[in-house]
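Taken from TrEMBL, the feature transmembrane segment covers B:6-23, B:35-56, B:62-88, B:115-134, B:167-184, B:196-222, B:252-269, B:290-317, B:337-370, B:391-411, B:417-444, B:451-473. The feature domain 'Histidine kinase' is assigned by TrEMBL to B:666-888.
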Amino acid sequence: MSARILIVDDEPNIVVSLEYLMKKEGFEVAVAADGEAALAQVAAFAPDLVLLDVMMPKKSGFEVCQQLRADPARAGLRIVMLTAKGRDAEVAKGVALGADAYVTKPFSTRELVAKVKSLL
Amino acid sequence: MLQGWVIVLAAFAYLGILFAIAWHADRRADAGRSLIGNPVVYALSLAVYCTAWTFYGSVGRAAATGIGFLPIYLGPTLMLALGWLVLLKVVRVAKANRITSIADFIASRYGKSQLLGGLVTVIAVVGVVPYIALQLKAVSNSFTILSHYPEIVMPDRAVAVPLWQDSALYVAAVMAAFTILFGTRHLDATERHEGMVAAIAFESVVKLVAFLAVGLFVTFGIHGGPVELFDRAREAPELARLMVADDTAGGYGRWAGLVFLSMFAALLLPRQFQIAVVENVDESHLKRAVWLFPLYMFLINLFVLPIALGGLLHFGAGGVDADTFVLTLPMAHGAEGLALLVFIGGLSAATGMIIVETIALSTMVCNDLLMPVLLRLPRLGLHERRDLSGLLLGIRRWAIALILLLGYAYFRVAGEAYALVAIGLISFAAVAQFAPALIGGLYWKGGTREGALAGLSAGFLVWAYTLLLPSFAKSGWLPEDFMSQGMFGIDLLRPQRLFGLAGLDEISHCLLWSLLANVGAYLGVSQWRTPNVREARQATRFVDGVIDRGADGWRGSARVKDLLPLAGRFVGPGRAREAFAQYARSRGAAGVEALPADAGLVHFAESLLAGAIGSASARVAVASVAKEEPIEIGEVLDILDEASQVRTANERLQELDRMKDDFISTVTHELRTPLTSIRAFSEMLNDDPKMPLAERTRFLGIIVAEAERLSRLINQILDLARLEAGRVEWIRGEVDLAGVVRESLDALGQIVKDKGAAVEMRLPGAGPVVLADRDRLVQVMLNLLSNAVKFVAPGEGRILVEVDAADGQARVAVADNGPGVRPEERELIFEKFRQGTGDGGTLTGKPQGTGLGLPISRRIVEAFGGRMWVENAPGRGARFLFTLPLKGGDNGGAIATGATGGSQ
């Protein structure tokens, strides 16, 4: 069974590109456009990995990450944070909140795919 | 051979030598070849910390508690080794502000408060009197014991001796006379005593040599070296325990308390402050003292335990007071010469302490207690007196005599109830009360005069209640049940079990409660109000070390012919004239008389006087001749206003800085978003040459769109930056607003059609006419209309555009039936990168656009004297409006031209 990946981003074009990349690698993909939808999709779709944007309406990626990590039932869930802000403090915050990896936009598609594969 | 007269002769001979050294050092100083410009002399003079208490008392304490004598010497060692930065700061601040004593220091820090200086002086005098009593007790006891040689007789209780036979009284009298001769021969403008410092350095050597001599005598003369001595002591079970630390929690607590206490004492005792700070001639000396002084401490403590053990082995417990072992051991072994040397050493230690302490205290009493009062009493006519330096010296001499008399009185009342060490610690705990105000004042700007007053008073009262009164009670001067039952018989108020706190020794108990009350009151009351102008200025000087050479808050002026005689009265006419001449040269004035009568001159005179009579008194003295312009309440408000304006401006600057950071970080984010898409899709196309054509076309379309978005974004950012910086070239001309609206709608026709929106126009055929840049107004209209199109639902959009004019203003409104703008977002959306979220939300959850269109539009409208805002459209949706002044009258307020009123 192929791994399931949830893509969370409010930029439609970025979602399109991520969706294409992940599907091409043979993953099953679901999409959410904001933090609240992301939490709902995690419950409904039960992904193995979440590609999570930080700056989103309604609920930021940090909050989503925190909430996911607070749920012991999802201890195995991998979280890759995606953000346009590459400052050290942001990276540290993401890692402190329990993200498995941190990718800065604009990202290299090959590196992103490699990172996702290495985590699964 | 050791008859009384021999001892007295030796003592006077020794005092004579000290006097000669001081005399010589003063002569050298006047000749400009200072003897004390030497770090070794400075470090040695710091050893005035070691008094008769150290000399006799350490051995007594070691005999009772073993190495328990050490913390009192570890504290000062730590103070210099670890706290030298604090000490350095105190020295620098004191020099820069011409501080003459610890009272002056604290008073000056909190706005030159005379009340505070007076309070510190009172605490210092009351607190240090027991300590002086202890020196008298030590000298008189050692004299009595030595004069009975070869018998070893303990002195009678002081109260048992009639007054005229009490050697302590004569010791006090001699000390007073000697100190008066020594320290108040002339009045120095800087309050420095080079001769005294030289003599103190010498006496430090003498007491050290004497103590080491006894140590060597006991260790190697009586016993066969330290190994043999300690082995013998270990065989005696009651002595073995002296060689290990008291291994209980209480024991460690006591150690910590004493180390802490003596750390403060090394800086806060008036004599320590005098020597370490006031008499410091070069701050670099401090660096050498950092290890030299601890070395001295080490040497003088080296033989304490051997002497204590030797004494206990020789005399056994009881019989001979362990405080006298230093003296009685040589006597018991017939070493007359050594015994005399020991007596001189002890005398030396006591003399050094008494001289420096009483000089420091008398300076404080004179400058901070009496002068402020005398200067305020017009009946004394001090202002008419030609030369006050004689009066100042007189006050100091009387103060010295009075302080020694008080010391003697305490000795008679309470001296016998305590061992030497306990008396000294009472004083240590008293001066520790200065710590919060002094150290807090060096590092915290929020402290106020009332805070310092409250802290000092609270700490002092608790000290008096838990240590001073019990010392009277133990001497039978107060009823016994005061101790056992507390004041008014209230158990919680038992002085040494305050609020039921038991298990601490009396010193730690007092230290805990008094410092708790002190720090609490200091911080608490300081919070009550913000520091006033004068406190804030002094706080800056003390905390930041900033010395404004300016007017020092003087708003008035005074003439040389008033100030010079005033200074002359206090520091002597010759010295004053010399100082004024030097100041005149530094100001580039032709001579003293040519000095301008300004605030700078007043400040100079004040600081000259501060050196002689303390900062608080100097302020009063100068105020008596300076024409200080009365500060009207309005001006005070102005000053406050100015301060708050500066604060507001400052806050605004910080806010701007933060906004700039936010802006840059947002711009970066906004730029990265399209870049991310462009890069991702480019890479995907690049990596997959076999991508189906449909996908390829779609992805290329996205890349093109995102690239367009990126360039639009960059253009708008640049546009906004130019607008904000005011670097836009406007092409002004008469603009027909209705024409602008029509042109904009035509341009957007296709988009409107695509969205299926209906547009209704209510505008005149031509006009109203405004004076503006046509292209820029088209830009504004395009922005408003495209926003409206963007936010309406597909197929259901209704957009209403109105143009009219009234009261000299043209008005344009664009209303839609989209989700509308929530009231709390109505200003927000005009800020950069802040987009409305809308009520219904859009399909993607995020509106398209850069978030810069509205801020740019508003700036353009404002540039032509108009306004732009948003309100609710009737029914549902948002209604954006802007106004512009009509072209016409000179000031834009003329009645509208013919084009007023909109067609329906």
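Here the Cβ of each residue, glycine as well, is placed from N, Cα and C on the backbone.
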So which of B:6-23, B:115-134, B:290-317 is most in touch with the transmembrane segment (B:167-184), counting Cβ pairs under 8 Å?
B:6-23
Listed stretch, out of B:35-56, B:62-88, B:337-370, that has the most CB pairs under 8 angstroms to the transmembrane segment (B:115-134):
B:337-370
Which residues of the same chain, at least 6 past either end of the transmembrane segment (B:35-56), have a Cβ under 8 Å from a Cβ in it?
24-25, 28-29, 73, 76, 131, 134-135, 138-139, 142, 194, 197-198, 200-202, 204-205, 207-208, 210-211, 265-266, 269, 271-272, 275-276, 279-282, 284-289, 292-293, 296-297, 300, 323-324, 326-327, 345-346, 349-350, 352-353, 356, 420-421, 423-424
Can you give me the average pLDDT across the domain 'Histidine kinase' (B:666-888), rounded to a whole number?
82
Would you say the transmembrane segment (B:451-473) and the transmembrane segment (B:196-222) are touching, if the rule is that at least three C-beta pairs must lie under 8 angstroms and be 6 or more residues apart?
no
Go through the chain and flag residues at least 6 beyond the ends of the transmembrane segment (B:6-23) whose CB is under 8 A from any CB in it; none is fine as an answer.
143, 146-147, 174, 178, 181-182, 195-196, 198-199, 202-203, 206, 340, 343-344, 347-348, 351
